[in-house]
Each structure stands twice: as C-alpha cells, then as structure tokens.
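Q: Summarising the annotation, TrEMBL assigns transmembrane segment to 12-32, 85-107, 128-152, 172-197, 218-238, 253-277. According to TrEMBL, the feature domain 'G-protein coupled receptors family 1 profile' maps to 24-286.
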C-alpha cells in the first residue's frame with residue numbers, strides 16, 4: 001500500500017507527464033518537422049534533447065522502478081529478471097544526457113554572451129549532432145559496463161520497497177570513477193562557465209543591446225539548470241562517498257531522495273523553462289512568438 005508521500009507523487013506525476021508529452025510533441029514539430037528558424041537557434045534543441053531524456057526516464061522508471069519501490073505487484077517484477085538490465089541501460093543513457101544537457105546549456109550561454117561571433121559555429125546543427133553523439137556514446141558505454149555487474153531487484157528496509165541493486169558489489173568502484181573523473185569536472189566547468197557569463201553580463205549591464213537583453217531569460221534558465229544539476233550530482237557524490245568511506249546513512253539518503261531529485265530534475269526544470277522562456281510558454285498556448 002502506498003504511503004502519503006508516494007500517493008502524492010503518483011497524483012502529480014501522471015498529469016505532469018501527459019502535459020510534458022504534449023510540450024515535447026509541439027517542440028519536436030517546431031524544430032525537426034517545421035524547422036522553425038526561431039527555435040533552431042542552438043539553445044532550444046538542447047531543451048528538446050533534455051525533454052526526450054526526461055520522458056524516456058519518467059516512463060521507464062515509472063514501470064520498472066517506482067512500482068517495485070512502492071511495493072506494487074512486487075512478485076511480478078521479481079520474476080522479470082531482464083527488467084533491471086533494461087532499467088540501468090536506460091538510466092545510464094538518460095542520466096548522462098540530463099547532466100550533459102545542463103553543461104551544454106551553460107556552455108551555450110557562455111559562448112552567446114562572451115563570444116557571440118563564434119556562436120554560429122559552436123552551436124550549429126553539425127556541432128549539436130556531435131555533442132549529441134558524444135553524450136549518447138558515453139551513456140551507452142556506461143550502460144554496457146554497468147550491466148556486467150548484474151543488476152537485480154533487492155528489498156530496501158529504508159525505502160520499504162524494492163530497488164535495483166547489483167550482484168557484483170564492485171559496481172561501487174565504477175560509481176566512484178565516473179563520479180570523480182567525469183561528473184565532478186563537468187560540475188566544476190558548468191559552475192565556472194555560469195560565473196564567467198554572469199560577470200560578463202554585469203560588466204556590460206549598462207551597454208546591453210536589445211539582442212543581448214533577449215538572452216537574459218535563457219541565462220536565468222541556465223542558472224536554474226545548474227542548480228538542479230548540482231542537486232542531481234549530490235546523488236552520485238553520496239553514493240561514491242559511501243563506497244569510499246562506508247557511510248550507510250549517505251547511501252540511505254541517496255536511495256530515498258532520488259525519486260524526488262528526479263522529479264525536480266525533470267518536471268522542475270521543465271516547468272521552470274515555461275516560466276522563464278516566454279517563447280516556450282507561447283508555443284504551448286498557441287500564441288505567436290514575439291521576435292522583437
């Protein structure tokens with residue numbers, strides 16, 4: 001039976017997911033089918049990529065991890081031994097995409113504000129495809145490595161439900177490696193890019209052109225994305241620290257917090273984009289985009 005917090009999650013997850021699908025379909029039409037020049041600006045395609053990663057993760061996690069974690073039809077899931085493998089391959093790809101989208105968003109704003117003449121090159125269609133290819137390749141490689149540790153459903157007294165664990169406990173070593181070798185430098189780089197961009201905007205705040213002022217909401221979105229990125233990074237950091245120093249409390253916090261962290265990283269950032277970016281808000285309301 002669901003507890004109160006799980007029931008609350010279930011109630012808001014379904015309508016928010018439906019609306020998120022609606023938004024993603026519209027943005028896909030604008031960018032990929034219609035090839036709208038306003039939305040094909042190097043920034044909104046990153047939001048579209050993030051939307052795909054979010055929805056794949058939300059849908060798959062709802063089926064393969066939230067139901068077992070809520071102890072719903074647990075015996076059914078315990079019999080499907082391949083589902084944890086599918087789940088971890090998916091989250092390795094989508095989690096990596098979410099984190100790299102945040103980093104690319106920070107880079108996007110940095111280049112747009114500090115090196116506007118180079119923006120057309122670094123965020124051209126060709127370069128975006130390169131970024132996407134690298135992001136997906138890293139995620140797939142991580143996924144293939146993780147599968148060698150043999151994921152399976154295990155009961156958690158802390159979460160009072162099933163979660164995906166590993167038969168080979170050496171997976172913790174791999175967690176430490178990718179957390180400190182890849183994700184920590186990405187976090188530091190994203191912070192640095194946003195700080196430099198903020199100082200650049202402050203330095204020229206009295207000389208901002210109309211075009212640069214239009215970039216401010218996108219920079220605010222980059223800041224929000226960074227905050228959520230760091231919160232997401234804490235999940236990996238807690239798991240890594242538990243592996244190194246054996247601190248069960250950190251592991252317990254990570255297991256309990258990850259559903260809420262993912263809701264913030266997916267739904268939270270999505271609805272923040274609607275609040276901050278008026279073109280996206282106008283799009284879902286079928287209003288015209290103001291180019292001025």
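From the backbone N, Cα and C atoms, a Cβ is placed for every residue, glycine too.
Since we're looking at a predicted model, the values are computed, not measured.
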Q: Determine whether the transmembrane segment (218-238) and the transmembrane segment (85-107) share at least three Cβ pairs under 8 Å, counting only pairs 6 or more apart in sequence.
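A: Answer yes, regions in contact.
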Q: Verify whether three or more Cβ pairs under 8 angstroms connect the transmembrane segment (12-32) with the transmembrane segment (172-197), leaving out any pair fewer than 6 apart in sequence.
A: no
